[in-house]
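For reference, Swiss-Prot has these:
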MOD_RES   Met1  N-acetylmethionine
ACT_SITE  Cys95  active site, glycyl thioester intermediate
REGION    159-223  region 'Disordered'
MOD_RES   Ser174  phosphoserine
Amino acid sequence: MNSNVENLPPHIIRLVYKEVTTLTADPPDGIKVFPNEEDLTDLQVTIEGPEGTPYAGGLFRMKLLLGKDFPASPPKGYFLTKIFHPNVGPNGEICVNVLKRDWTAELGIRHVLLTIKCLLIHPNPESALNEEAGRLLLENYEEYAARARLLTEIHGGACSTSSGRAEASRDLASGASASSTDPMTPGVLGGAEGPMAKKHAGERDKKLAAKKKLDKKRALRRL
């Protein structure tokens, strides 16, 4: 995606830079911002799943994209980590009023991030982008919560501990481009360090040992 920095007036760039710098140094609780030094209009963010919700224990990557008309027009928000939530579409698009009709130029990036975090606590099924999640939230909360927890464990599970959250934050800060659905992401069920990978590694070691034993027997027969 092309940068919109060159399309923003200098005074808007200064305002964005000032707020992003403040957010990086003093972020809201459970939120971290990783500015793109080459493109201030593309903000990478992590949000910890709030306690008492099906998203607790997960760390969710998202991004905010500032358009060329910002702040007259709201930024666009996307979850990069797969999540089961009524207000998050298949492509990760976030539907929340502050990013649509309730937006005003006076609202800042901090307000947007706090609103998105609140959306994890209080989903709005009436403006659902994921209709199945919205229906379950209204008709069968236990099933909705189970589905949301499952995806949190699979895709945000690498960050269910403080050390995992720190590792994920370091990866994001260093410009890691792999999403949490990448099959090589540590902690995911099929990841490079996950249980399935360890199982395959054990089977490979057994086959290698058996081959060495067979080769040794063949060598002894030749003597």
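Each position is counted from 1, following the chain as shown.
In case you wondered, yes, glycine gets a Cβ from its N, Cα and C as well.
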C-beta crowding around the residue listed as 'active site, glycyl thioester intermediate', within 10 angstroms: 18
For Cys95 (active site, glycyl thioester intermediate), what is the secondary structure by DSSP, using just helix, strand and coil? coil
